[in-house]
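Quick look at what TrEMBL annotates:
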- A:255: ATP binding site (BINDING)
- A:5-323: domain 'Glutamyl/glutaminyl-tRNA synthetase class Ib catalytic' (DOMAIN)
- A:337-481: domain 'Aminoacyl-tRNA synthetase class I anticodon-binding' (DOMAIN)
- A:10-20: motif ''HIGH' region' (MOTIF)
- A:252-256: motif ''KMSKS' region' (MOTIF)
RNA sequence: GCCCCCAUCGUCUAGCGGCCUAGGAUACUGGGUUUUCAUCUCAGCGGCAGGGGUUCGAAUCCCCUUGGGGGUACCA
């Protein structure tokens, strides 16, 4: 039995997309579940768009989500190099093999000629495909074309006789294509770089990949690759084409498709927790056999299986992610959440002088009402900024209600006298006032809340008072009293 | 246009011929808890795209229609 070897093969041509990271996740889960190897391969054959910065970004986001790989750039491995741009000599060897077997040929058509051909075919209602005009060039014709300074591409000879190409997909089952729809596709570009369809086959074979797990957008590339495996006489790996992740408008998730963030970095920056993102993503296209859905990565690995991956595309539902992330924020240990929240707080407020204890109380108080860390600054504003009534006129009216002055004065005076300005003591003091005075809870909490925060709603009042501190609490109560003098 | 894939509540999904009067989650609505909001909790709302078959029996199998998605590059 061969060991499971799967790979994640991103191209470093941009920010890493949430759909790509889901593919990475599923590869990771599959590898770990089967005690196999998870390989990272950088597909940087697009010289114009690939950059090393983007490669670093891929690493960074994978690290953030805790998706570690066993072989790849930086970590190394026996099957390297793991960057396609460093494997050019390898591809060359195999291209030569195809050329020698007369399974590939040089094509001198220019992009303009190709474009013209395509347009003509479309105008005639034909499927656009390369017509094979360079397939049988004589030696002389070739020399002539080369003399013109044309840089050829190399094309694969797709079968002339129709044959059925069957892909046995782990998620879709049998999928078949007619070889008629496959034209003589390019395997080496004029700059000497292999194309995706070619390099991927060579690498997956040489790296002994057992399962190719990738997005469904690659399904229609697969017959071309299958042809290549056949040409080399290689056994092809198993394929598993994962359902697409769609935006809220049901089209491919992209920057233009609505409000959802599409790059992993955006989720990181907004303060989504990696555990929550992994958990949420795992449920996009896969489901466990029971009704549970909150899982650690280890639990997902344990339950993961390719036959529970479903076939239909999934809309990325940010609202559900928000709920799940909020759940993680609330359930995580406070210390860690404080550490994570501090950078966000620092962006807007000066918290250098605040004690760790105070920060812990602050975070504990507001974490209940946020979905991601970046939201924290809105919630805590009332503790950092000067008191500002949401509606001063209404505040005045509230304070002017019967007995409210008494409530505010009593609270102010007893606050002055309270021995320990601690959450629990403040709570006891407030409850005592309610039972001592001829007022109900409503006549106490509502005006006091407005006096202390200026707002109609917010965290529990004793938390608010504790966070504000004795002095500021008294100040704000006086400020309210001044309003009705 | 052509090729391929897909089709259960708004959304993520369970369901692999009878356990389905279709289950869970989210969202939404209402109740309770918290003398506010949130959290938590309970309840409600809401779906098998349509049409043909097959079968004693179909959300489940087959066909067609419709709808959605992907591909159709010297991008991956």
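Cβ coordinates come from backbone N, Cα and C, glycine included.
Within the chain carrying the motif ''KMSKS' region' (A:252-256), a Cβ under 8 angstroms from the stretch's Cβ atoms is held by residues 17-19, 217, 244-246, 262, 316, all 6 or more beyond its ends. As a whole-number mean, the pLDDT of the motif ''HIGH' region' (A:10-20) in this prediction is 95. Counting only same-chain residues 6+ beyond the ends of the motif ''HIGH' region' (A:10-20), those with a CB under 8 A from a CB of the stretch are 42-46, 49-55, 57-58, 61, 215, 244-245, 253, 261-265, 267, 281, 316. When secondary structure is read from DSSP and collapsed to three states, the residue listed as 'ATP binding site' falls in the coil class. Taken residue by residue, the motif ''HIGH' region' (A:10-20) breaks down under DSSP into 3 helix, 1 strand, 7 coil.
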